[in-house]
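Some features that TrEMBL has for this protein:
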{"type": "REGION", "residues": "1-22", "note": "region 'Disordered'"}
{"type": "REGION", "residues": "57-77", "note": "region 'Disordered'"}
{"type": "COMPBIAS", "residues": "58-77", "note": "compositional bias 'Low complexity'"}
{"type": "REGION", "residues": "127-152", "note": "region 'Disordered'"}
{"type": "DOMAIN", "residues": "137-425", "note": "domain 'Calpain catalytic'"}
{"type": "ACT_SITE", "residues": "C190", "note": "active site"}
{"type": "ACT_SITE", "residues": "H355", "note": "active site"}
{"type": "ACT_SITE", "residues": "N375", "note": "active site"}
Amino acid sequence: MPPRASASSAPQNPSPSLEEATAAEAAINRAAQLELAGKYDDAFRLYVTSAQSLLHLSRPSPTSTAPSSASPAQQTRYKALAKRALDRAEKIKAHKRDVRPVARERLSRAVQAAVLDRAATVRGRRYPLWDTPAPSPAGEQSKEYDDPDGLPSLSPVQRAALAGWLRPPTPVHSPTLEPCDLVQETITDCSVVAALTVCVEHNRRFGGRLALGSLFPQDGQGLPVPAVQGKYEVRLVLNGAERRVEVDDRLPVRQNGCLLCVSTRGKKALWPSLVEKAYLKVMGGYDFEGSNGSIDLHAITGWIPEHLRIVDAKFQREKAWRRLRRAFNDGKCLMTVGTGKSPGVFREHQLTPYHAYAVIGLEDEEHARTVSLWNPWGRRAEIARAAEDAGTGGAGGLTRPEGPIRMDWDDLCGIFDSIYLNWDPGIFPDKAVVHSAWQPNQAQNGEEPWTANHQYNVAFTGPSSAETEVWVLLTRHITGTEDDQSFIAGHVFHAAEADSVSVGRPSLEATYTDSPHVLVRTTRFHEESALSVIASRHGTGIADATYTLSVFSASPFTLSEPTHVFSFSQWVDGEFTAATAGGNGLHPTFMRNPQYALTIKPGAIGATNPNGAQLRLSVHGSKDLPLHVQVVWGRGERVFDVRQTKIIKDSGTYNYGFGLCEAQVRAGTYSVIVSSFEPETLGQYKLQVECSQSFDIKPIPQEGAGMFSKRLQGQWNGVGSERTSQKPVYELVLAKSTTLTVRLQLVPPASITPIKVSLNVSANHGKPEREVANSGSFSDSIAGALIQNVRLDSGTYLLIPFIISAHVEAEFAIQMYSTACSIKSRQL
């Protein structure tokens, strides 16, 4: 069984341990016993997974500064044990060629450590995992430290105003620092400054150390102190883990001494400038392209990011106010807001386009809902003038801060485009984290956009008598390279059991985003015991994109991979074209969707599961393409109306970019249907079929494929009585024997008016002599009425469409297909 990550003990930074080594050795011994008992599949899996764990233990992670817990002698022993396990696995594979493959265990410590190791490099620099503050640099204490990575790059405006780099004598920390003290300079770091501002306000109100506590060295009380040589370390949450970023204390200044980065009024404290420098070092320099407050705050504080788009139709301002006001005033939530292209003027305040503002207050008194905003950028010119007048530089000449911008909540929702939130992860008692990598599958071309979907199961370990909040955070690791053009989405399904995604409802329709974070908030209801989580990626570039998935819950749970390992797998390329994009099952064109005949072969004697073969169907496509897949009891034939067919399993609600379902099925032939939501929605997709038993899959031809086609249109005029209705009659002349298919449909389609069609041999004067075929009784199927594959001799026939009531006026269309000749027709 794949490893499980316990919510209470899942490590953020996996590390070697003696317990792992002992468990791996025990697994090898167990594998030997299974091999002797002839259980080769289980033995093979244990040999391989044990070898993976031992190889991981034999080498320390180069991203960590902590020494390995394995001595050189232990490392040599672990390598020898791993080799022995792999040798046995190879012998089993040579003896039993159809041995069940071992799935890659994304939750193993070895795999996660390797992912964090790869994710340590950003823009060509490696940032090690944070263990403890590094010791002071050796050498003369009087020698000033210069960052070996050099000085951060500057923006064009900074370069034009730069007078030099200065080591300011400003105190590192000030207990009286307030939000109004922070000042933004002429760079595009408004989101960073807004993030630091809300941290300062939170610390002032609740006595915390957000952002402040990430700077080292520190004193015994956990407050930053001056570094003797000017070497500082900043602990940032970067690519799934806390990492060490080193900077020196050199900062860019103008000719008058004003800092060309974030600064504080009255030169109160240096720590905001140093934290900003460390973060912008990772992000590429002071010529920062811009971000948003929730992304920046996640890196600086580790708090859970959330993006609310006010302009989204799903945004509910009343519900949002109640939720945010309570959490903000309890200190559980940080908040910034961002403007769009043309925010305009609010009272006397000219709002800046594409700008971040810090939220420093939410008040609800006497039916007045007020938001207090702080704009550090608005003070830049005033500070510069005050510094020049004082002749001392910096912000020391400015002593009286201007007030915040106060506006009504409804005004804010009408002016700003987005609200950026960060939530205290401590509000959730249980958490699990997994680090992994998306990789293009073998069926995908690396030069084209590719998709990858990883499934995880969340199993709740205790009963729930009430609804429980569950949050899922998917974080795409940054690399700093321009070729990473990817979109991510988190899909969460509610399930009755942990290994199925098809038995429950989706939490909500997932949307792909190019943001590094996507948060899905859902509720676990008391009757539900599991969730299935899909970490999804679509894009081009990086062939091995890494990510971190974090699950937060108010009740205990375990996070695991699906337990099923499929011995047989096949990819099928497909496309929705103008002829095959039929839409969902409510459309009469649904029958045109791509369909496949899937034949599950009987399993080997003694190896067949009495409950049938385990089957998984997944369809992957563009991030903008809503997809759905289902397997139905169709005997491998084309299904025309899915509502009149037994559905074995489907993927539930249409989802952008992918659809997935699992089922247990017995040997036999089934029909698989892939569809997009709306007709004529074009795009390519890839269907993956995985099964525990061998299978064959082949496309089901479209109705009338390879046949002559003819279309008739007409109407029932509603004239007549029940005894003497005026039925349209069509004469068909066949020059030679042929096989004929006829489909009658209402135009526009309706499923509330039953219809049928009859085919008769023609007598003299256009009268029917005898019926040779009909569509059966009246049908209200949206696919219409069908005469299928009837063999006819050459001659003259009468085709008669019927509607259930002679008083109904309606239009219809008749589609005919013939094998041997075209059909001559006329209405009588």
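For all residues, glycine too, the Cβ spot is worked out from N, Cα and C.
Since the structure is predicted, the reported quantities are computational estimates derived from the model, not experimental observations.
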### Task
Identify, in sequence order, the residues in the chain of H355 (active site) that are 6 or more apart from it along the sequence and have a CB within less than 8 Å of its CB; answer 'none' if there are none.
C190, G338, T339, P343, N375, W377
### Segment confidence, the domain 'Calpain catalytic' (137-425), expressed as mean pLDDT
87
### Message
For the active-site residues listed here (C190, N375), tell me which residue's CB has the most neighbouring CB atoms inside 10 Å.
### Response
C190
### Query
Three states by DSSP: which one describes C190 (active site)?
helix
